[in-house]
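Asks: Dumping the structure here so I can ask a few things about it.
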Number of protein chains: 2
Amino acid sequence: MDLTRSPLARPFPDMPPVEGVTMRVARARYKNWDRADLTYAELAEGTTLAGVFTQNVCCSTEVEMGREQVKLGRARALIVNAGNSNAFTGYRGRDAVEQIMAQVAHHLECAPSDVLVSSTGVIGVPLPKDKAQEGVAAALHAEPCSWEDATSAIGTTDTFTKGAASAAMIGETRVVLNGIIKGSGMIAPDMATMLGYIFTDAAVEPAFLQQCLSGANARTYNCITVDSDTSTSDTVLAFATGKAGNVPLSSFDDPGADAFMAALEDVCRSLAQLVVRDGEGASKFIAVNVSGAANDDSARRVGLAIANSPLVKTAIAGGDANWGRVVMAVGKAGEPADRDKLGIAFGGTWAARDGLPVADYDEAPVAKHLEGQEIDITVELGIGEGRATVWTCDLTHGYISINADYRS
Amino acid sequence: MDLTRSPLARPFPDMPPVEGVTMRVARARYKNWDRADLTYAELAEGTTLAGVFTQNVCCSTEVEMGREQVKLGRARALIVNAGNSNAFTGYRGRDAVEQIMAQVAHHLECAPSDVLVSSTGVIGVPLPKDKAQEGVAAALHAEPCSWEDATSAIGTTDTFTKGAASAAMIGETRVVLNGIIKGSGMIAPDMATMLGYIFTDAAVEPAFLQQCLSGANARTYNCITVDSDTSTSDTVLAFATGKAGNVPLSSFDDPGADAFMAALEDVCRSLAQLVVRDGEGASKFIAVNVSGAANDDSARRVGLAIANSPLVKTAIAGGDANWGRVVMAVGKAGEPADRDKLGIAFGGTWAARDGLPVADYDEAPVAKHLEGQEIDITVELGIGEGRATVWTCDLTHGYISINADYRS
């Protein structure tokens, strides 16, 4: 299948080196293709680890093992396999993961549990152990590569490479954060999403790194959706090598902790939005701003009900300010709402307020706004102080073409 | 917009007269069209009433008033407006409904609360009172029409007329049940769906009629979905004129009550399936059979997660036996499941059992099955005795064309 680059794509950013992180790629040829599809990140001794994972009950071995490894809070390596998710493959899938962990651990002289493994691609086919072994062997001795090459190697149906970088001052020490991510379909994160990795040279205690990542996750990855389908492999990992030499962060009381958290959330939000920008068939990027909800969580659920509505998404695709469909989606969310207090705006122009169409509603600026690629929908529920922003894309013929033609 | 007849359409059935029911139609011209769009059902004195309605919080005035009228349990007339849903129209929408009730009540010399009103179409435009008044006046004095003409008049984006008939013996008395329904998009019922009406000449106490309708609803209307979007106007009403002269049914202990319930559920299931067969853009009718769940309700939710998955629906559209997407949908449902006990079959051929791909899985019969118009997906969860069947359609370019082009 030829995938054309998303019209909403963003260029890959300049990303600085992160001390203690070396990226390498190799060709394991998990599919019948000639491209790097195995990524190896070597991490300095002392690297701490945090992670968030899919809540899908039918998750992959990699997710199950990753959950246990995050409890230990340390990492020396990451292997990402692209083209085969190894999900729903039972004991054979687990064998393949354990083989990879042992192979890398032997090379680095570390514990197998220090080796994180992720896989993405077709469900139900055990990861071939022979290809994995040869691919890992090649990656262990490959020349270091660029961040963009590594990002390209973790991709599957992605139409562009997605990265984000940020920095923060911790005391007198400047730390950097680099994030890379893949994903474009089966996107409706539930505690985590897709495959995303954040690398920082900051020194951060694992428990606090987990606290920061979980917090950022709630306001970024858990606030995006492409198609309401939650993957079996969703994983976001954060690695902190500590090579920047700052006093290790262990709580929000530490100087620089707020700056680090802000930088981390910035990277997470950028990565999450980039996934939406590569949503299968997407032609428009949609921000759904919900305010006046009973609480923030309720606002997020109302936002997701709107963002997941096929009727809202197709209306936006057609440039139609069909606010009746937004009313419908608010009403079906199952959250506290009052029809007679509801307000809806597109691009800052109110179409309805206080439960009634606006009397002198001028559709011209709304029509103009909907012609663009960046769409804002604002919903005011009028019953409380809760607010959230959810990001999604429109639903187009492109989504159908990609997913009705893609063969398992 | 030209809508071509669904390839899954069924012919309108032969429907007998129902004593005590007279159907008439008129042209209110709620939209700029030349077709009957106002339907009037006149009901004999003594007719009992039951109803189920949308759970959408932003429901229409018609739904709010219908809920109150159902508590009274009696009806003398039904008016259905097509082309304007009158939803999200505040006090002006309510004025229009009250005017219609008063006008019909004056004609029949009954209480306004005996006149049920439904409206379907665009959201956010108050039903025009002048057109409603003229339309009702014309309908009150129109010649009686056929069941199919009445069904045609309640439709909006429907591509075929949908009806179902059944009969039952209550003691020595044969009673008939005729059902008609409209709907093809914004279909994800939550206690009720779309606009559907069932007319019977049986004598049934209103509380028992409600018990029967609610029970049938749980296994029929609440088990279908087209696009996961729940309408603001969903309504199914049942009217029992009592003209058959049977001893009135008041509980399942009464002779013939089980037969009546079976006939009612049969009509409801047929009508619900017909709505799926007219799902926007549908090319395949899909039955999702879930067994081995913790309980029946859990099975239904797993079935709906599969039936609402865009990735499953597009796979079926493409004739792809992509059971990995079914695994994903089972896992995201949030219901009790065990990945390692899961089995999935298409058209009776198991692709996966006990959490593993079937070793000698032969895709040939599955590929053949998926070429057809009637698709069966079976999911065995292996953890309990709960079961349910959910019906849906595939997701095609047709859905996008209809909904990205339809202007509000």
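Any Cβ shown, glycine's included, is placed from N, Cα and C.
So TrEMBL lists the following for this protein:
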- B:Thr156, B:Lys182, B:Thr193, B:Glu280, B:Asn403, B:Ser408: substrate binding site (BINDING)
- B:Thr193: active site, nucleophile (ACT_SITE)
Asks: B:Thr156, B:Asn403: which of these binding-site residues has the sparsest Cβ neighbourhood within 10 Å?
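Replies: Each of the binding-site residues B:Thr156, B:Asn403 was scored; lowest Cβ tally within 10 Å is B:Thr156.
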Asks: Which binding-site residues among B:Lys182, B:Glu280, B:Asn403 have a Cβ sitting under 8 Å from any chain A Cβ?
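Replies: Near chain A - Cβ to Cβ under 8 Å - we find B:Asn403.
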Asks: In the three-state scheme derived from DSSP, which category covers B:Asn403 (substrate binding site)?
Replies: helix
Asks: Secondary structure at B:Lys182 (substrate binding site) (DSSP, helix/strand/coil)?
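Replies: SS state of B:Lys182 (substrate binding site) = strand.
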Asks: For B:Lys182 (substrate binding site), what residues in its own chain, 6 or more apart in sequence, show a Cβ-Cβ distance under 8 Å?
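Replies: The list for B:Lys182 (substrate binding site) reads B:Ala82, B:Thr120, B:Thr151, B:Ile154, B:Gly155, B:Thr156, B:Asp158, B:Lys162, B:Met194, B:Leu195, B:Gly196, given in order along the sequence.
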